[in-house]
Amino acid sequence: MPGIVELPTLEELKVDEVKISSAVLKAAAHHYGAQCDKPNKEFMLCRWEEKDPRRCLEEGKLVNKCALDFFRQIKRHCAEPFTEYWTCIDYTGQQLFRHCRKQQAKFDECVLDKLGWVRPDLGELSKVTKVKTDRPLPENPYHSRPRPDPSPEIEGDLQPATHGSRFYFWTK
């Protein structure tokens, strides 16, 4: 029925939250973007194609799981340099990277040595990429209405207007 909205149950919505501040997320953003690229792009593709967030709950859970695993690995292997780095970002006035290059270098070195992750080059994560997915295409990906016939047949005889044209003052 078109007027009834089916909402997901609370069990379907239950996930562990990623409880971090903006400075922590900003400090880890480059490595997070490289490590969780596929789940994030799968989720965004699902959201764009489906136009309904309820249909993308599984992809959203995978994004959340990837983020939690990422921050657990950072905490396990590089907690001290990462804490120094995000604390520096947090205490600079506008959360700018340029004031914290020494801490960033220590963090990047730790991540490279212990996890084997290379910091992506500037602009690498913003390149347009094709996403290979196993999800089937939606039936109507643009959610467009059916188009009317371009030239419908006119029903009945058309009579001229009884009181003349709307643009009468233009014709005299």
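Cβ atoms here come from the backbone N, Cα and C positions, even for glycine.
According to Swiss-Prot, Cys78 forms a disulfide bond with Cys110, chosen from Cys56, Cys100, Cys110.
Within the set 36-46, 113-123, 124-134, 157-167, the record from Swiss-Prot flags 36-46 under the feature motif 'Cx9C motif 1'.
Among the ranges 1-11, 56-66, the one that Swiss-Prot lists as motif 'Cx9C motif 2' is 56-66. Residues 100-110 are the range that Swiss-Prot records as motif 'Cx9C motif 4', among 12-22, 100-110. The DSSP breakdown of the motif 'Cx9C motif 1' (36-46), given as helix, strand and coil counts, is 10 helix, 0 strand, 1 coil. Using a 10 Å radius centred on the Cβ of Cys66 (disulfide bond) and all shown protein chains, the other Cβ atoms total 19. Counting in whole angstrom, Cys36 (disulfide bond) lies 24 from Cys100 (disulfide bond) by their C-alpha atoms. In this structure the alpha carbons, written CA, of Cys46 (disulfide bond) and Cys88 (disulfide bond) are 36 Å apart.
Beyond the motif 'Cx9C motif 3' (78-88), the same-chain residues lying 6 or more positions past its ends with a Cβ under 8 Å from any Cβ of the stretch are 21, 23-24, 26-28, 99-100, 103-104, 106-107, 109-111, 114-115. For the pair formed by Cys100 (disulfide bond) and Cys56 (disulfide bond), distance between Cα atoms is given as 37 Å, rounded to the nearest Å.
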